[in-house]
Amino acid sequence: MKKSSRLIALLLTLFVVATSAILDDLPLDDDDDLELYYYRRSCPKLEKIIHDKVSAWMKNDYSIGPALMRLHFHDCSVRGCDGSILLDYPGSERMANASKTLRGFELIDEIKAAVEKVCPKTVSCSDILTAAARDATLNAGGPFWSVPYGRKDGRVSIAKEADQYVPMGHEKITDLVEFYQSKGLSIVDMVVLSGAHTIGRSTCGSIQYRLFNYEGTGKPDPSISPKYLNYLRRKCRWASEYVDLDAETPKKFDVQYFKNLQNKMGLLKSDQLLYLDSRTKPLVGALASQSSLFRHQFAASMVKLGNIQDYLSADDGEIRVKCSKVNPSK
Ligand code: HEM
């Protein structure tokens with residue numbers, strides 16, 4: 001490891017230790033409104049219901065796990081984590097181009113129905129989605145973290161906002177840094193959370209532009225290794241095909257994603273750029289070589305992601321009865 005990478009690795013380790021110490025020291029609040037034991041009395045079975053449903057669905061179809069993690073990310077990217085991605089009507093976020101390949105809605109609806117039976121009108125859809133994303137991570141072999149609860153469901157969901165704000169993989173690092181910072185997340189959070197791409201898949205449509213005539217050069221993107229390019233060209237004949245985000249260990253929650261970036265095997269352009277930009281490259285190096293660092297920090301950064309709230313919203317929110325619909329006005 002180079003001297004600068006070693007220094008960054010040390011700083012990152014210190015940062016992680018400090019963050020986890022803070023998390024450990026806060027048995028209740030990690031945020032002004034959210035609390036770890038929010039549903040302890042009002043819905044004690046909540047976490048078991050979510051855990052059991054996510055496990056059962058993933059046993060049947062592993063790919064629903066990564067889909068849930070992505071769904072949570074998209075939810076939190078627009079108007080905070082308020083379940084706005086789950087609303088289903090013409091013009092809602094779910095109808096956006098950016099949402100086209102999102103999945104997992106039926107599972108969230110099924111969990112919600114089970115929760116409503118035992119604790120009616122008590123648990124928000126945004127809390128359910130947040131916990132389901134945690135359980136999906138855990139089930140895929142990732143780390144555990146405690147989820148702070150108490151989110152309210154939003155009543156506003158606009159497709160245009162999803163298309164405007166949710167990053168789709170061709171952004172520049174500066175734009176991504178700004179996006180994360182606007183949500184109160186750091187560059188470390190950004191690089192670590194991108195590590196979610198250690199599992200799951202992408203449609204070929206998201207990357208085909210890299211394979212033949214990149215930026216009008218008549219050549220492929222030079223930041224793809226020749227062997228990987230060959231593989232992708234064979235795999236991605238059709239835009240609707242799927243390709244694994246981590247070609248080496250697609251079902252393992254590990255640091256291979258970061259190693260791939262070092263080997264010019266990042267599937268999305270925005271992934272590969274993390275190893276080409278001087279602000280993020282040392283972080284990739286540090287994470288590629290330290291699995292426990294990645295797991296620890298992933299848990300901490302996911303808590304931060306899940307705590308994004310839209311403080312500007314005039315709407316106090318509600319506890320939706322059905323996740324796909326706002327409650328009827330009284
Ligand atoms: C830097 C910001 C990010 C960008 C640009 C990005 C972009 C993408 C794209 C383009 C796909 C494939 C979509 C498709 O064509 O089907 C994808 C998939 C995925 N993303 Fe991200 N993502 C980002 C951050 C995140 C975060 C923060 C998470 C979770 C913590 C996440 C989790 C996932 C997962 C698990 C998949 C696979 C989904 C599946 O298999 O169904 N992403 N992402």
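Our numbering is plain: 1 for the first residue shown, then up by one each step along the chain.
Cβ atoms here come from the backbone N, Cα and C positions, even for glycine.
Predicted automatically and left uncurated, TrEMBL annotations should be read as such.
Keep in mind the model is a prediction, meaning the values are calculated, not measured.
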The Ca(2+) 2 site in TrEMBL includes ASP246, THR249, ASP254. Which of THR130, THR137, THR174, THR198 is also listed there?
THR198
Taking TrEMBL as the reference, CYS119 is linked by a disulphide to which residue in CYS43, CYS76, CYS81, CYS125?
CYS43
Local backbone state of CYS125 (disulfide bond), from DSSP in three classes:
helix
Using the alpha carbons only, what distance in Å do you get between HIS74 (active site, proton acceptor) and CYS81 (disulfide bond) once rounded?
9
Taking only the disulfide-bonded residues CYS43, CYS76, CYS81, CYS323, which one has a CA atom nearest to the CA atom of THR249 (Ca(2+) 2 binding site)?
CYS76
Roughly how many Å lie between the Cα atoms of THR198 (Ca(2+) 2 binding site) and CYS204 (disulfide bond), rounded to a whole value?
17
Looking only at THR198, THR249, which of these binding-site residues has the biggest number of Cβ atoms within 10 Å around its Cβ?
THR198
